[in-house]
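Take a look at the structure set out below.
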Amino acid sequence: MPKILCLHGYGTSASILQHQLGPFMAAADPSYEFVFLEGEIECQKAQGLGPFVKGPFLCYNESFAPADIQESCDLIDEMIQAAGPFDGIIGFSQGGSVALSYLLQRQIDGHPPPFRWAVFFSTVIAFAPNDTFGSNILANLTDHEIRLLDGYPATDLSSLHPLTRALCETTAQTFYSAKTGGFISPNTPIAEFSKRDDPSQPRVFHPALLGDRIPIPTVHITGRKDNSLMVGLSVLVQGLCDQRLIRSLTHSGGHNVPRSADDVRAAWAAVDWAIQHSQKQHIW
C-alpha cells in the first residue's frame, strides 16, 4: 500500500489540509494512504480561510532561524519512525518549505532520501537547518551592504556581490513577500543583517549557493492567481532539484492546492509521472 506524508501550510492544520486536498485524494488510487503531519506551534489563522473554519491554527516553526528549522525537520524524522516508511511526500506552502529543507539537508549530509518522490504545492523558499550555511557571506557583510539590505525593497541591491544577493536579497524578499501578503504573522522574527553570522540568522537555500540537488522526481504546482512574488519563490526552489526529474504546472486557483476536476487530473498526471520515474531509480 503506497503511503504519502502530507505537510500543511502556515496557520492551518492537518485536518484543514485534509479538507483542502479532498478532491485530489478522491482522485487517487484507492490503495494510497495519506498520513498528515501536524505542526506543533499555534499561530494566527492563514489568509484566505473562510470565517467558519475552526482552529487550532498551527505551523511548524515560529521563526526561520536554523534551530527552529531543524526542529521542523526533526518532526519529519519522528513521523517516519512512528508511521513510515513513506513512498512520497506532499507539502503545501510552509509544509513544502519544510519538506525541501529536510530533503536538501539530507542530501548535503550524504544521506539517501527517505521518500521516492515529492510534490510541492505553492511552496516557498527553503531555509537551512544548519547555522554554518552561508556563514562566510554573512560574517563579511559590510556596514554599507547591511544598510542597503535593511532598506529593501526601496534600495538598489545591484551593487552587491552575486552570492551576497543570492543569500541576502532572497531572504529579504521572502520576509517582505510573506509579511505583506499575510502569509506569516507580522510578529514573525525577520532577518536582521546587522547580526551578520549570528546563529539565529535565517539562511535561505538558494541554488547559486550550493551544488547539491534533491535527487528524486519532484512536482511543483503553483496557482495562476497566487501572489506573484510567492510564485517567484516557488519557481526559484525548483533550482534546488535535479532538473532532469522535474515537472511543473499551474492550476487555475490562487495560493491553494488544485481543486477543480481539470486541475486535479493534471496534477495527478504529473504525480503519476514522478511515481513512474522513481521506480527507475536506485538511490535507496
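Yeah, the Cβs are placed from backbone N, Cα and C, and that goes for glycine too.
Sequence annotations record features per position, and here Swiss-Prot assigns active site, charge relay system to Ser93 (among others) based on similarity to another entry. In this structure, Ser93 (active site, charge relay system) belongs to neither helix nor strand by DSSP; it is coil.
Secondary structure at Asp226 (active site, charge relay system), taken from DSSP and collapsed to helix, strand or coil, is coil. Residues or ranges marked as active site, charge relay system by Swiss-Prot: Asp226 (among others).
The active site, charge relay system annotation in Swiss-Prot covers His255 (among others). For the recorded site, His255 (active site, charge relay system), the DSSP three-state label reads coil.
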Asp226 (active site, charge relay system) to His255 (active site, charge relay system), Cα to Cα, whole Å, comes out at 5
